[in-house]
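Visitor: Below you will find the structure I want to go over with you.
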């Protein structure tokens, strides 16, 4: 939505949200709807410190032959071995102890929140603010997930939003399901990804000591938190077999977290409906949201990347929003940005798929 259509309702309490509400009534009437005027319209974005996650429709791929794919054989081999180990882990499920299942569930949710509430909604999009204890928790959880450090993940994700479905999009879904799911990690980046990624403003990430600390010590952190700890805890504390601890609690769990995240890039860009903006590829996909703890409302998210819920409906199939709201209730999260129902409905009427329009 253009910046001049945004309105900010400012609250002095850190436990409330900053609401992006309705555009001017004349705009709504042009779109077929009517809403009352609101008292204040801002000329700037709801997040004046952030611009580079807003879709740029003016960017077009360069004409000419596409560069030849360069395979990264190290990644191909490691991903292959990981998924073979995960498949073997499936066969061990009947022999695992109940405490191991609970441990895997705990580690899955921690890893998922490190991606969704952490690197995605906090650091990539700055949709809310977090106090130091919460940021430390999320940086640890993000390291447990092992999906690149916060700096690199955020850079790629901002490029994905700004140059979506072009060669400058790191996991461009127009290159097919496999490429957008995992293939983009198995080949060298397209030159356009490097070129346009270098133009993004990442000063907020560079200025955050915690983010740069993680980046500096990422390899030993991942070795400890993604592989050693989840293997040793069940083996040492409740006598799980080392085989089950390694292949089920570690490799299978890690592979499932990876694929749940990847489905947001692949399935949620191809399968589902587009109630908010039919001109973009991202879709609403409930199944993806189940696995990715709330990240499947993707048409909404690409339309309103500044909404901390990444969804119109807050807690509906969205554990991440529930978690952030709990953190706000105890004072660890604040300044949550939320698009109002009026603004979402206005956008739906203007650009949504006809079958999704209502009211």
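For all residues, glycine too, the Cβ spot is worked out from N, Cα and C.
Swiss-Prot feature annotations, pasted as is:
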type: TOPO_DOM; residues: 1-72; note: topological domain 'Cytoplasmic'
type: TRANSMEM; residues: 73-93; note: transmembrane segment
type: BINDING; residues: 75, 148, 155, 156, 188, 189, 262; note: substrate binding site
type: TOPO_DOM; residues: 94-97; note: topological domain 'Lumenal'
type: TRANSMEM; residues: 98-118; note: transmembrane segment
type: TOPO_DOM; residues: 119-217; note: topological domain 'Cytoplasmic'
type: BINDING; residues: 120, 125, 157, 161, 301; note: Fe cation 1 binding site
type: MOTIF; residues: 120-125; note: motif 'Histidine box-1'
type: MOTIF; residues: 157-161; note: motif 'Histidine box-2'
type: BINDING; residues: 160, 269, 298, 302; note: Fe cation 2 binding site
type: MOD_RES; residues: 203; note: phosphoserine
type: TRANSMEM; residues: 218-237; note: transmembrane segment
type: TOPO_DOM; residues: 238-241; note: topological domain 'Lumenal'
type: TRANSMEM; residues: 242-263; note: transmembrane segment
type: TOPO_DOM; residues: 264-359; note: topological domain 'Cytoplasmic'
type: MOTIF; residues: 298-302; note: motif 'Histidine box-3'
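How buried are these features, and what lies next to them?
Guide: Sequence-distant contacts of residue 188 (substrate binding site), defined by Cβ-Cβ distance under 8 angstroms and a gap of at least six in the same chain, are 69, 70, 71, 72.
Panel annotation: around the topological domain 'Lumenal' (94-97), residues 234, 238-241, 244, 248-249 of the same chain, lying at least six beyond its termini, place a Cβ under 8 Å from a Cβ of the stretch.
If you take the C-beta of residue 301 (Fe cation 1 binding site) and look for same-chain residues 6 or more apart in sequence within under 8 angstroms, you find 282, 295, 307, 310, 311.
Within its own chain, the motif 'Histidine box-1' (120-125) is flanked in space by residues 50, 53, 135, 138, 150, 153-154, 157-158, 205, 208, 211, 295, 305-306, 308, 310, 320, 324, which lie at least six positions past its ends and keep a Cβ under 8 Å from the stretch.
Within the chain carrying the motif 'Histidine box-2' (157-161), a Cβ under 8 angstroms from the stretch's Cβ atoms is held by residues 52-55, 119-120, 124, 168-171, 193, 196-197, 200, 202, 265, 302, 305, all 6 or more beyond its ends.
All protein chains included, residue 298 (Fe cation 2 binding site) registers 26 other Cβ atoms within 10 Å of its own Cβ.
In this view, residue 203 (phosphoserine) is surrounded by 9 other Cβ atoms within 10 Å of its Cβ, with every protein chain counted. Reduced to three states, the DSSP call for residue 203 (phosphoserine) is helix.
If one looks beyond the topological domain 'Lumenal' (238-241) by at least 6 residues along the same chain, the residues whose Cβ comes under 8 Å of a Cβ in the stretch are 95-97, 99-100, 249.
Taking Cβ pairs closer than 8 Å, the motif 'Histidine box-3' (298-302) reaches residues 55, 161, 164, 264, 268-269, 272-277, 280, 282-285, 288, 310-312, 344 in its own chain, all 6 or more past its ends.
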Visitor: Where else in the chain does the transmembrane segment (98-118) make close Cβ contacts, counting only residues six or more beyond its ends and a cut-off under 8 Å?
Guide: 138-145, 147, 150, 230, 233-234, 237-238, 240, 244-245, 248-249, 252-254, 256-257, 260-261, 292-295, 310, 319-320, 323-324
Visitor: If you average pLDDT over the motif 'Histidine box-3' (298-302), what do you get?
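Guide: Averaging the confidence scores along the motif 'Histidine box-3' (298-302) gives 96.
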Visitor: Calculate the distance in Å between the alpha carbons (Cα) of residue 302 (Fe cation 2 binding site) and residue 161 (Fe cation 1 binding site), and round it to a whole number.
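Guide: For residue 302 (Fe cation 2 binding site) versus residue 161 (Fe cation 1 binding site), the Cα atoms are 7 Å apart.
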Visitor: Quick check: of the binding-site residues listed here (120, 160, 161, 269), which one has the Cα closest to that of residue 75 (substrate binding site)?
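Guide: Minimum Cα distance from residue 75 (substrate binding site) across 120, 160, 161, 269 lands on 160.
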